[in-house]
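Feature annotation from TrEMBL assigns compositional bias 'Polar residues' to B:1-17. The region 'Disordered' annotation in TrEMBL covers B:1-25. The domain 'UBC core' annotation in TrEMBL covers B:30-175. Feature annotation from TrEMBL assigns active site, glycyl thioester intermediate to B:Cys114.
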Amino acid sequence: MKVTVKSWTGVATWRWVANDDNCGICRMPFDSCCPDCKLPGDDCPLVWGACSHCFHIHCIVKWLHSQPQQQCPMCRQDWKFNNK
Amino acid sequence: MAQNINPHYASSSNPAKQNEDTIKLKDNHAVSKRLQKELMELMRCADKGISAFPESENLFKWIGTINGPQETVYAGHKYKLSLEFPNSYPYAPPMVKFITPCFHPNVDTCGLICLDILKDKWTALYDVRTVLLSIQSLLAEPNTHSPLNQQASYLWPNQPAYKKYVDEFYNKHRDS
């Protein structure tokens, strides 16, 4: 039997690789976006701190801006962005 | 009619105000979303001895209840609290107050609570559940070094006398 492929459609899925399902700050799933964004993905990325805790970038930036000290809301260590 | 509006007015005063309003609405929306999640979570896995529910259709004001922890002077008591969420929640803590009068070293006569996690030790990871659990453990383990209620702090070391007083206080004020 001989098959001729006339057309095909590719489908891809993606997900963030994080050690948790939800952002602890907004409680939205990491694979969804923060409440201020409309679309998940590169426009609402996740960031990790040096302490290994992970949040939506918009959520952690909003938290750091609202505080006198720049600490991780999970472990209270000084927050440093982990550029891995 | 709309065409007759002076464009200078329309461009100078309105957009700024509109912008402010949309920011506020957007924030409110995010807070509602988080509060709804918390409510669902609380209803899904109810903890023993604490509960909370919005007071009315306004999601920004809740009523919580805490059962006095077992094997403490507060055992058998049930305390109502009010929780009010600011537009900046969870970046700022909720305002939590006892509605049922509570005789306790760290609670004043207006029901205000002295608890670090409701002030400078607040983090956006706390929620209604952890706040109520923290207040429940505060009942069992008061901080007698910086009391809001001096009398309660002074009486605390004498647990039998404290128990007697707190029972009488509770029975007298529980319905007020």
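Glycine is treated like the rest: Cβ placed from N, Cα and C.
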Checklist entry - Tell me which residues of the chain lie with their Cβ under 8 angstroms from that of B:Cys114 (active site, glycyl thioester intermediate), as long as they are six or more apart in sequence? => result B:Asn106, B:Val107, B:Asp108, B:Asn143, B:Ser146, B:Leu148
Next on the checklist: Looking only at the domain 'UBC core' (B:30-175), how are its residues distributed among DSSP helix, strand and coil?
Outcome noted: 52 helix, 27 strand, 67 coil
Checklist entry - Could you give the mean pLDDT over the domain 'UBC core' (B:30-175), rounded to a whole number? => result 94
